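Novice: A single structure is presented below for examination.
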């Protein structure tokens, strides 16, 4: 497996484009189009928020057939909490793309991110689609990545290549992170393309597994938006269709997970106000699910996150977060290390010398925190950002 | 029911004192003693954190007999994550108090708050107890409230009086809030005294109910410490013992809940960096428990809390938090008001005029947010603080 240049259009058969359609107030790209020259198998994972934005309702419907060729996505407006008109607007976006590209509406997937509770300027969008379709190109992946940004500070794209069965398969993707926008909401979008040939139900399972080990293992502020989605288009241009969970399936999952994890880490690194990426590794838990709950409890603790911002080896807050995870743990079995330095061993604080070594590590931009619970074989990794003054400034002052 | 002056010593038969024993580095009160002239029935509620500090293990043991006369509590050191020696130190605190006051050890309850993972300076504590015992007085409630403070900015005490059956009963209490202290942890302590006569199992149930509707309905940062506890001493000096859940029991619960809620609100108001107290009222939910989950989801959302700090009527974040509560809700049934001003009705945003009225309300120190879900009769109230720049400053920079 190897990382290659580019993003979603690094995969043969995919073109993309991005433009300013007039949704955002500032003249910045706000409309993205992604196109596959052949019909793809499609898998999708959507937010668990009970309030689902209009585009998600449309996409779920289109996903029933598990086929697709187009993604049209806008930033600047989430088309969420917009009722029946929101549904019609999402439909109009799909229809405009379908018409411009001469494909069935059901093969178009729609995504929106931005302001909640306001109606889309739908004429601006449908008006921009024809020229956007003309701009589609193999070099357009980055433009698409830019057009889905909200308060992201950099576009997020990645591509990997690796052996899947006998074929050299590619997976490429773009994503946007949690950014607060007037007036509202953090949305995570990720679009992945691959040339693998895979039966759609397997593709869905592969995506669910990859998302669960990447996007679902990262947090910036613990909120889940009404618009979050991950879509994966598989063109099937490489080799024979994978129809069972053999070696090739496993190889593809590894590739897909690498792409997802890479994008997920970019999102955390670009979390609002984030100055650090913290990798939390839990081992020796009673089960993987126990490990994950402990990892998540640490990753979501405001006290832990502010301590990281302060570059403070505040192990008491970490220990308290472990105790709050709602799973049984034995305090006298807890090891806790920052990078290679053990700060707590079998529940015993290792003293000021160890702490001063940790203090040096905490000045880095990427920090690894390992917790060993010595009570089983459960493991989990999780990624979080620190909670900084800028996080509060960005989120408190956005509209003032 | 009426609020009266004073705190825990507003109740006949209780004396208290506070002093500087030398646990804190700065010369500020750090050791509190509370004494009942007669044997009390005792009820207690303890943290659900899996890691319980040494004093809690001792208190749980003493609570088996449901009797008690003394509380000894220190600040500046949590005696948590201190292993066997921590247990011996908690025992030594109880023993010193028992000896000075000539009561059985089993009637003494111990509490600690402060640094985690460091051993208590136990000689300083046991050395200070005899003179602290001599200082016990009916005016000492405030001194005790001061001696349990960590980064609290004001001492917290309250007393109420009200009819319970034929008797005029008093409930008084002191508390301390979540304050971060070198190097660690937010601890909530509350001690309540009453002259009611109540069978101990009923007293325990009354306390659990009162705590559930007060301390358990408030959040500053969502973390639960290893040391949180609420103790209630009932001297039984007023009237006949209440032995069943009749009118008198109900009247006492109301009184106890008023005292607990008053202390809980003080804690939120004094939350680290907090500039606002936000009351969240959920009505029309499918059940009380659904209402509570929704209230808690809003109250714990960093995005919502930073918006309140920014005095921003960011209803999209609130709606997203409602959708994230994990209970079914219908977006088209949601009403959302700030004070008397409706900003969302049946899922529809009420426009800029309503929002500008809300903007004025948001400048106040106390804000009421009401959400009506129109899907049942479930209700819940919850209290939270805003998430401010000072919260991050206090928690990031404490040790630097």
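Just so you know, glycine gets a Cβ as well, placed from its N, Cα and C.
Pasting the relevant annotations from TrEMBL:
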{"type": "BINDING", "residues": "A:150, A:176, A:187, A:272, A:395, A:400", "note": "substrate binding site"}
{"type": "ACT_SITE", "residues": "A:187", "note": "active site, nucleophile"}
Novice: Using Cβ atoms and a cut-off of under 8 Å, determine which of the binding-site residues A:150, A:176, A:187, A:272, A:395 neighbour chain B, and list them by sequence position, or give 'none'.
Specialist: A:395
Novice: For residue A:187 (substrate binding site), what is the tally of other C-beta atoms lying within 10 angstroms of its C-beta?
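Specialist: Around residue A:187 (substrate binding site), other Cβ atoms within 10 Å: 30.
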Novice: For residue A:176 (substrate binding site), what is the secondary structure state per DSSP, taken as helix, strand or coil?
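Specialist: Where residue A:176 (substrate binding site) sits, the three-state DSSP reduction gives strand.
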Novice: Around the C-beta of residue A:150 (substrate binding site), how many further C-beta atoms are within 10 angstroms, looking at every protein chain?
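Specialist: So the Cβ neighbour count for residue A:150 (substrate binding site) comes to 25.
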